Amino acid sequence: MTVAVVDVTPGIVPANEQVFETECQVISNSPVNNDYRLLVLAAPAEILNCTPGQFFHLQCPVREGLQPYLRRPMSIYGYFPEKGELQFLYKIAGTGTAALATLAPGEPLNVVGPLGQGFDIRDDWQNLLLLARGVGLATLAPLALEAHKRGKTLTAICSARSPEMLMSIDYFRDLGANIITVTDSEETSGLENLEKLIEGLIATNGIDAFYTCGSNRLLKLLQTLGARHNISGQIALEQQMACGLGMCQCCVRSFQSPTGIVHKRVCKEGPVFDLQEAMGW
Amino acid sequence: MVDLSVQIGDLRLKNPIMPASGTFSEDLATMLDINTLGALVTKTITHGIRQGNPTPRVCEVAGSMLNSIGIPSKGVDYFRNVTVPYYQAYDSPLVVSISGNTTDEFAQLCEAVSVPGVAAIEVNISCPNIEEDGKAFAMRPSSTLDVMRKLRAATDLPLWAKLTPNTGETSDVARAAQEGGADALVVCNTMLAMSIDVQSRKPRLGNLMGGLSGPSLKPIALRMAYQCAKAVDIPVIGCGGISTTEDVLEYLIAGASAVQVGTATFINPTAMIRIIAELEAYMVAYNFSKMTDIINSVRDEEAADTVVFMETAP
């Protein structure tokens, strides 16, 4: 098996030709449940020319006892040019997000973006299935909004540890999505049940495209179903990053290609990739 | 009117600020006008195609970072056919960074990248030499001299030798690079380092060890730039931990004729633009008209004699 270097073939949706380093002001930064917080920034219109699935690179504040150095990549939860807002949904997972959680309204946050290639919603795709777990739903939220604007039919399967940990359900419901919740505590989130559920959806209404992110398990399941029924799909992936702009080559992952396995940069060729090209981890 | 231009051998740079290899590519043009930079330094390329090291390739340590990217490279053909033509649109000189596993491979690549459009070649002699058990060429004066002589014979373009901080013989290596035909020294590359996650007990880089860069490298790299400027007659280009205009001034005062900004660009992609503007403002504020008013102006006086003893602590 040969491994070639970064393949710079154009991605699904072209990345922005201009990227900005901007100081935004925090409007609010509060918990939405025990695990997750919503950060709302006042942002200039120039940086809100986003595509669902894109991310920003955040310079988390340095505090006593919390001294993040590198920026932290974070997928966009919401971008609203009409009201000048940029939103991120996050979980405190380390130094960077812990520092982010200390931001108070009125404080500045330096952001770089929008970055990367977003999701594609092809005109001939009508019935879209979104499948994600936990904070993965944050990445799919702007996709759901865009799909709704384009009159697509949405089904969202939302997975979590327990019903109270399910997030953004109302958000998806307000967009007219058919919501299916599965949880570990109700023993409905297993792969067998998910496969049965999705097979049912394919048999009744049909599905034109799968969208997911984050989970190796869900990736494998959708790859199998996609191959079985010839359904396209896209996945948003993560990787440790330094620059976020494509320069440093830190954030590569392996992908299947017709010529063998290739490395692609999650920040530049991604973070959204073709479902069947993505490789499990 | 302030003149920010500096002379590096035969090359005149419009200002002393350029990116450090590995922290710059065409991608930065999405953020700023790269034509405002003193020079454009590519990521190191190798002759053939290389995939690079396993991930994670980066982790952060207190106030700095470690990386072990492993020089993924699209090879010399891609460089000649795609990279060089791309940079034709800019008038800042293009400096190509190259590396090789052996002196012969290094020299062949040096010849292959000596094409119109390339203004200088930065030879990354901080990379492992497989003929010397993986020890970097620039760890020792003898291997530095050998490789520089072969590289010198392979091209007529200016050669900038990028030195490593992982040596105990800084001044001797610098003199060996000069004797071997270097037109300038870039001081320095990253310092070999390590970090371990105490929960998992796993090294935090896929390659176990990697190079330290960022503010915590600066005092070490500055000391080396100072030692090198004392040791050789060719220009020294400072590199290591620069993130502010004050950092730039320190290197220039220590004897560097120009500087490379690296990791700071990861934190603030527009850092170099800000530094150029601040440097100009500083010159105006202090009534300096040209960069040579500052370069090598360190007031070490009699204490300079002690430099020879500093060799004991590399």
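Even glycines carry a Cβ here, placed using N, Cα and C.
For B:C127 (active site, nucleophile), the Cβ neighbour count at a 10 Å cut-off comes to 22, with all displayed protein chains included. Positions annotated as active site, nucleophile by TrEMBL: B:C127.
Annotated FMN binding site per TrEMBL: B:S21, B:K43, B:T44, B:N124, B:K162, B:G214, B:G240, B:G241, B:G262, B:T263, in sequence order. On its own chain, B:G240 (FMN binding site) has B:P165, B:V187, B:C188, B:S213, B:L217, B:K218, B:I220, B:A221, B:L222, B:M224, B:A225, B:G262 as residues at least 6 apart in sequence with a Cβ closer than 8 Å to its own Cβ.
Under the heading substrate binding site, TrEMBL lists B:K43, B:N67, B:S68, B:I69, B:G70, B:I71, B:N124, B:N189, B:T190. Counting only residues at least six positions away in the same chain, the Cβ atoms of B:R50, B:Q51, B:G52, B:N53, B:R57, B:N207 sit under 8 Å from the Cβ of B:G70 (substrate binding site).
Taken together, the residues of the domain 'Dihydroorotate dehydrogenase catalytic' (B:4-283) have an average pLDDT of 96. Annotated domain 'Dihydroorotate dehydrogenase catalytic' per TrEMBL: B:4-283, in sequence order.
A C-beta separation below 8 Å, combined with a sequence spacing of at least six in one chain, links B:N124 (substrate binding site) to B:S21, B:T44, B:S97, B:I98, B:S99, B:K162, B:N189. Cα spacing between B:S68 (substrate binding site) and B:C127 (active site, nucleophile): 12 Å, rounded to the nearest whole number. Among the listed binding-site residues, namely B:K43, B:K162, the Cβ with the most fellow Cβ atoms inside 10 Å is that of B:K162.
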